[in-house]
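Q: Got a structure for you, written out below as structure tokens; questions coming shortly.
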Amino acid sequence: MSNSSSRRRNLQYFVHIILVILRFIDTGLCSEVDNITSIQSLRDPGILSSPGGVFKLGFFSPQNSTNRYVGIWYNFSVTTVIWVANRDKPLRDSSGVVKISRDGNVVITNGEEEILWSSNVSTSQVNSIGLLQDSGNFVLVDHRDNMSTIWQSFEHPSDSTIPRMRISENTRTGEMVEARSWRSPSDPNIGDFSLRMNSGVIPQVYIWKGNRPYWRTGQWNGQIFIGVQNMYAVVSDGFNVVNDREGTVYFTGPIRDNFLRILVLDWRGNLVQSYWNVTETNWKIIWSAPSNNCEVYGTCGPFGSCNHLESPVCSCLKGFEPKHREEWEKGNWTSGCVRRSALQCEVKNNTANSSKEDGFLKMELMKLPDFAERSSTSEDLCRSQCLGNCSCIGYAFDSGIGCMSWSEMIDIQQFQSSGKDLYIHVANSELVFSADHGKDIKKIVIPVIVGSLTLCVCLFLCYTMVIRRRGVKREEVALLGNKSPVNMEELPVFSLDTIANATSQFNEDNKLGQGGFGPVYKGKLEDGKEIAVKRLSKASKQGLEEFMNEVLVISKVQHRNLVRLCGCCVDKEEKMLIYEYMPKKSLDVFLFG
């Protein structure tokens, strides 16, 4: 009997040992699990997968670091960590364990059973389960209460915002869900920058650096944030701002199953939106902000406007001037600008100037200032309300928002495309100055343009004349060799066709004689005038010399007893002098027989 009892106890002990070993294998050596329970934990380097295999939760080490953290990443991009649990308390070795504690929280412990991180919710659900959803949300649920959510990672973001994750603000409780940047690429501890929702009068999203705003999206008009220039080109980008009417206003990123996107606040304070390129298997940047110094909050101070394409980038709004000009000219713009001329309503005893009404100067393509006040009036009424309010600095109108007005202005930027019209409330003297300034500019610009065009025309004509003269000079040089140039423009120039027709194509019957120069032909022009044509022989070098002598002498000397030179003809290799025809022959015939 005792032997039987002993064998039974030994068998029970053996079965217990086997179960313990199996449990150890299941929890410690299994490479991938689908949930974490009170009896199933996750040990480094184990992996918790989402049902569809989109996301993984496990242990990782950042680049250039040996510390171990528990995080969530995309299955297809293991380096894209979207959430980190123990940001401020890393594991120093691979002894980490993720498990459900006795109070129902999910915790991370080290080899010494020290709790480094906890979901830290008040719950009596000791049978809670940790699950990773295909949305990337790590949730703690009560499996006995229809899997209701006790805690979720989406309400405690790290540096990334993915579809279905919310950045929110509860105006009743003051609670916020915000993304926090890493300290550096190798340290996921909380950095200097945070991404927050500001429900305010008109919802906006801000990047904060410590306790100061660093960048903002501009106002939400129901479709886009009007202060993000890139959004004007992609109205259907998928961003959305929702008011649940229970005090919470939240912002979500694009949700598209076939177009995966991520919004990351990096450690330098840049908000970067990227999409996954399936073909190239990497992330491609869609846009990032701030992209230049002008997008940094309040770069040009109160009532200053920033344009990154100009130098300096800062200028005062129309009707304003630097508050401290010396600082401003040195590039210190933080003090901003002040009014150049007071409004009528600000001037006491202004009855003498009451007829001079204040007005507005328009600034186009602007990122509208912060701290807008909102009303549902029409655009015309919006203008008249601001004109009648001495504290109203300016106004703008957007069909999705309505009338916006400002009693203070900061963080204004000049866009190159898109943007909104901003109307600045100024004194009447500024309106006159602006109109006169415009007239003065016209008075300067128009004469300058006309003068420039006139100068261009004159230069062109001079250039044409120089080229033409150079052409004549080259012809003279070819014609006269090294002799002094002859002013050929003073002699009539006949075309080769005219002379050929006048001499019947240099017919032998019209030939008067032959000399060292070449043959001489009698001709008759179309007007009936008879001429004698000396045609330079192509083979006669002596003829060229004589030709030059005649041109030099006869062109300069005219006498009634000398034969008159009527003109010349130069066409390629043809060189001819045209004289008046002497029917009674020349004087040498009578002198020498």
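Each residue, glycine too, has its Cβ placed from N, Cα and C.
From TrEMBL, for reference:
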type     : residues : note
SIGNAL   : 1-30     : signal peptide
DOMAIN   : 33-153   : domain 'Bulb-type lectin'
DOMAIN   : 290-326  : domain 'EGF-like'
DOMAIN   : 345-427  : domain 'Apple'
TRANSMEM : 444-466  : transmembrane segment
DOMAIN   : 506-593  : domain 'Protein kinase'
Q: I need to check the long-range neighbours of the domain 'EGF-like' (290-326): which residues 6 or more away from its ends have a CB within less than 8 Å of a CB in the stretch?
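A: Sequence-distant neighbours of the domain 'EGF-like' (290-326): 212-216, 269-270, 332-341, 361, 363, 366, 370, 393-394, 408-414, 416, 424, 426-427, 430, 434.
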Q: Please count the residues of the domain 'Apple' (345-427) that DSSP assigns to helix (H, G, I), strand (E, B) and coil.
A: 14 helix, 32 strand, 37 coil
Q: Across the whole of the domain 'Apple' (345-427), what does the mean pLDDT come to? Round it, please.
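A: Per the prediction, mean pLDDT sits at 91 for the domain 'Apple' (345-427).
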